[in-house]
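Participant: Supplied in C-alpha cells, the structure appears directly below.
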Ligand SMILES: Nc1ncnc2c1ncn2[C@@H]1O[C@H](COP(=O)(O)OP(=O)(O)OP(=O)(O)O)[C@@H](O)[C@H]1O
C-alpha cells in the first residue's frame, strides 16, 4: 500500500527542515537556485520499502505553477507548467481550526441578559406551540359532538376553546416578536465585536503574515465568514431551540394522548435521525471545501481589481478573467455538489417525515375505530406530530447551516487568536531630548520567514552615525530594501543586533519606533481616499492645520496643493490616484515629516518619477534631510550626490564603503555602477540607438 502526502507551505518548509534533503534526493542548492520557495510537495510513501518512492514539487513562478515530477532513482523530469496564476491551496484556511468556544462565550457575557430573555421567550413560544394541538383537539371534539348530538348551542360551546386558542396564538406571536428582536440584537452585537476584534488582530499581524495571505482572503473573513456565523448563531438559537423544545414537548403530548401511537413514532424517529446524521457529516466536509474555494476566487478577483492599472497596462483582462473563471468554475462545481447533497438530504427527510404522518393516520384511524381515542385526540396527535415533523425539518436545515456557521466562525477565530511575533506596542522609548539617532547594524543575518532557505543578509554590519546621510546602493536583489524593512522592525532578525542610540530594536517600543522615531518614504507611497489635509495628518493625528501646512511647505507641496480649487480639502481618489506621482510623493514626504522624526529612511523615494518630478521631489528631500540621520536606498545614483557615506550592498553584505570620491577612485563595484548609469544617461541624452547585434 502506498500513501500520498501533499504538504503545503509553511508546513512544507518545516518538513524540509526536519527531513534531510538528501533522503529526498533534492539537492539543497537546487532549491536555492530557483530563487523562490516551494509551493507544495507530493510524496508517495511506500511502507513496504520504507522510503519515498515518488514525489512531485510545485514551485510558484511568476504567473505559472511549475510542477516537477521527481523520482529518487531517476533525475528531475521535465517540468509541467500550468498556465494559471498561483492560487494558494491553503488560502481558505481554517479547515483544521477548531471553533473557539471560550472566546465565543466571553463575547456572549455582555449580552447574557438579552440572550437569557431571548432563550426564555423562544422556549415559552415553543411551549405555547405544544399546547395548541390540544386546544385544536378540544375544538374538533366540540364540532364532532355537535354534529353527533345536533346541538344548537354551537357558539356557546365553541366560544371558550376558540377564545383560548386565539389567546395562545396571540401569545405565541408576541413571544416570537420578543425572541427574534432580542436575538437579532445579540447576534449583531456579537458579530460587531467579532469584526472589530478580527480587524484589530489583522492590523496587528506581522508583515510576514501579509506575505502569505491575500487581501481578498482577509476581507472575506471579515465580511462573509462573520455574516455566515451570525446568521447561523441566530438561527440556531431561534429555530433550533424552538424546534428542540417543541419536539420534546410534543412527544410528551403525544404520550398523554396515546402511548401506543407514541411508542410507534419514537422507534421510527431515531432511525431517521441516525441516517440524517451520517449524511450531515458528509455535507459538512463538502461545505468546508466549498467555502475555502469561494475564498480563493474572491482573493483572485481582489488582486486583479486592486491592481487594475497593471492589468490594463499589460492587456491581461482576458487572462485575469480566465484565472477567475477557473476558480469560480471550481467553486461552482463544489457548491452545486453541496446543493445536490443538501437537496438529497432535505428530500429524504421530507419523505421520511411524511411517511411518519401517513403511518400516524393509519395507526390512529385503527385505534379510533376500536374506540381507544376520539376524533379530537387523533386531530391533536396529527397536529402535534406535524409540529414534530416541522421541527425536525427545521433541525435538518439548521444542521447544515450550523456546520457552515461553525466553520465560518472557526476561520474568523483562527485569525483573532493568531498572536503576532512582533508586538505592536510595549518597550523602551528614547525621549526626544535624549535622542541622537545613531543607527547600527551589527553582524545581522536574516532570511524572510516565507523563504527560510534563502539568506538575504549575511553578517551584515553598517553604521549610520547621527546626522549623516548614508546611501545604500547595489545591484537589484542585493538586500537594500530589506535593510530598511528591518530598521522599521517589519521582521525580526535571525542573528546579530540592530540598535538606535545603542538600544536594541527588540527592546524599543515598535509604536514609538515607527510612529515617532523613523520617517519612512518609499517608492510608491499609498495615500488614502480622504482630503490632502487628513492624508498629511495621518503622520501625526494630533497635528494642527498650521503644522500640516508647515510640513507641506517643507516638502515643496504647499504650492500645488493650494492650486487645487479646494486646496487642502481636496479629496484624493482611492490610493491617491487623482494626483501625479511627484505630487503624491511630496504629500508622502509631508506626511513623514510631520512626525518630525530623528531618522529618515528613503527607499528609492524618487525612482518612480520622471526626471522633472524627480528634481522637484529631490529638492523637497534636500530640505528635509538636514539635521537628521538619513538612510537612502538608491537605485539612481544621481539621487545620492549629497550622501556622506555610500555603502555598496551585494548579496546581503556591504562590499564597499566610503565617500563618493573614494569609491570612484577605488574602481570597484560602485565605479562600475556609476559607469553603467552614466552610459545609460548619455544614451538617453543623445538619443543614440542601441547597437544592433
Ligand atoms: N517579502 C519577502 N519575502 C521573501 N523574500 C523576499 C521578500 N522581499 C524581498 N525578498 C527577497 O530578498 C532579496 C533581497 O530583496 P530586496 O528587496 O531587499 O533587494 P533590493 O536590493 O532592495 O533590490 P531592488 O534594488 O531591486 O529593490 C531578494 O532575493 C528578494 O527576492
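Numbering starts at 1 and runs along the chain as displayed.
Cβ coordinates come from backbone N, Cα and C, glycine included.
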Participant: Of the ranges 87-111, 112-136, 137-161, which one does TrEMBL flag as transmembrane segment?
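Facilitator: In TrEMBL, the transmembrane segment feature sits at 112-136.
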Participant: Can you say which of 34-55, 56-77, 166-187 is given as transmembrane segment in TrEMBL?
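Facilitator: Spelled out, TrEMBL records transmembrane segment over residues 166-187, not the other listed ranges.
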Participant: Pick from 191-214, 215-238, 239-262, 263-286: which range does TrEMBL record as transmembrane segment?
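Facilitator: Going through 191-214, 215-238, 239-262, 263-286 one by one, TrEMBL gives transmembrane segment for 263-286.
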